[in-house]
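Lifted from Swiss-Prot, the feature list:
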- 5-240: domain 'tr-type G' (DOMAIN)
- Gly2: N,N,N-trimethylglycine (MOD_RES)
- Lys3: N6-methyllysine (MOD_RES)
- Lys3: N6,N6-dimethyllysine (MOD_RES)
- Lys30: N6-methyllysine (MOD_RES)
- Lys79: N6,N6,N6-trimethyllysine (MOD_RES)
- Lys316: N6,N6-dimethyllysine (MOD_RES)
- Lys316: N6-methyllysine (MOD_RES)
- Lys390: N6-methyllysine (MOD_RES)
- 14-21: region 'G1' (REGION)
- 70-74: region 'G2' (REGION)
Amino acid sequence: MGKEKLHVNVVVIGHVDSGKSTTTGHLIYKCGGIDKRTIEKFEKEAAELGKGSFKYAWVLDKLKAERERGITIDIALWKFETPKYMVTVIDAPGHRDFIKNMITGTSQADCAILTIAGGTGEFEAGISKDGQTREHALLAFTLGVRQLIVAVNKMDTTKWSEDRFNEIVKETSTFIKKVGYNPKTVAFVPISGWHGDNMLEESTNMPWYKGWTKETKAGVVKGKTLLDAIDAIEPPVRPSDKPLRLPLQDVYKIGGIGTVPVGRVETGIIKAGMVVTFAPSNVTTEVKSVEMHHEQLAEGKPGDNVGFNVKNVSVKDIRRGNVASDSKNDPAKEAASFNAQVIVLNHPGQIGAGYAPVLDCHTAHIACKFAELLEKIDRRTGKSLEASPKFVKSGDACIVKLVPSKPMCVESYNEYPPLGRFAVRDMRQTVAVGIIKSVDKTDKSGGKVTKSAEKAAKKK
């Protein structure tokens, strides 16, 4: 066994028919954690249902269905390897909830793979003004996903045309530039997710294709395939040296064990013996044990989905959306209000002070009031365009003071990125995204401190 590979996370974005599932399925299938038996089982089922031509996407559909039914699916199924990395596919979107998931969940995305359908008409549909492609790319950029790979898919339907590929690269470059990406740092790969061209091996169908190049801090990087491009992702820096922040996804009551909050460590580490404070509930208690995938862990690090056992805390005290933090190291607090840079994506009317949509920030889902529009700014440069605007509309960016309707814990994006970005939901869709600039925290004394926390403090 060599040294464990570095983990990176990718999010696959693009229009619903761009072939994301097939492309992702193909990678997982060929370099992934799905064992041969499962593959054969899936293939047999797909063939019986006459879905033979759909096998890679079928693999993904099966995994999704199992994931949605809450079968704790072996997470290896969503992983594949490159020479350098162990890659986890966070979400292959195509659904309304994707945007929400992306904001609340992509703290972890190190790179976005934008899949674009090369077929005539398809590309245009995906990139049209209201296209999902645009929205996904804008989101990825706004949420700090700075690395991008563009996979121009379905090249087989263009008869492997070099002209079509070049045309798409040109259009897409203009498009991603508007979003904020620098096309020179992006690898453009012509592929067929279904036939496998330029996925792992160089395609013989496109002799004109000489490979991709991209600029990085270290210099120019070159490669041929999509796998090469993923392998050329710049390694992420994980925030384990920051204070602990762990937003709770759920809180379980487990007979014989007690209360077990579950969530992903976003920053810092969590380990047994630590005294944690939950905000905004303002409850402090000792962590008895930490586990992941039903195994005890010495410590949970950023990116780990963990369950941890806490004593003397009832399921009523803490809930989804609460944030666990180290009581001795910058403990999390309730936000009385916060200022954020908000980008309006798609709202049919105007938004003014008093607007009170639901914010999805990390795992919290709480209505917040736009108390004050402070200034309208240029989305790309951040320069002020207008002080105290009366209204903002789609396409605008502004600095807003927000006041939560219920106790909520958020942080500034600079200090704790995953807790500093949010989606604004209204009319069953994401109408805006935001990045938190500053938080006005309430200092509540007299929170509940459990006996086990007091004992742990005495031991120290």
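Residue numbers in this text run from 1 along the chain shown.
For all residues, glycine too, the Cβ spot is worked out from N, Cα and C.
Locations of recorded Swiss-Prot features on the structure.
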residue	record	CB count, 10 Å
Lys30	N6-methyllysine	15
Lys79	N6,N6,N6-trimethyllysine	20
Lys316	N6,N6-dimethyllysine	10
Lys390	N6-methyllysine	10
Query raised in the report: C-alpha of Lys316 (N6,N6-dimethyllysine) to C-alpha of Lys30 (N6-methyllysine): distance in Å?
Result: 46
Query raised in the report: How many Å lie between the Cα of Lys30 (N6-methyllysine) and the Cα of Lys390 (N6-methyllysine)?
Result: 54
Query - Separation of alpha carbons, Lys79 (N6,N6,N6-trimethyllysine) and Lys390 (N6-methyllysine) (Å) - result: 48
Query - For the region 'G1' (14-21), the mean pLDDT of the predicted model - result: 72
**Report entry** Lys79 (N6,N6,N6-trimethyllysine): secondary structure state under DSSP, collapsed to three categories
**Finding:** strand
Report task. Based on DSSP, name the secondary structure state of Lys316 (N6,N6-dimethyllysine): helix, strand or coil. Result -> coil
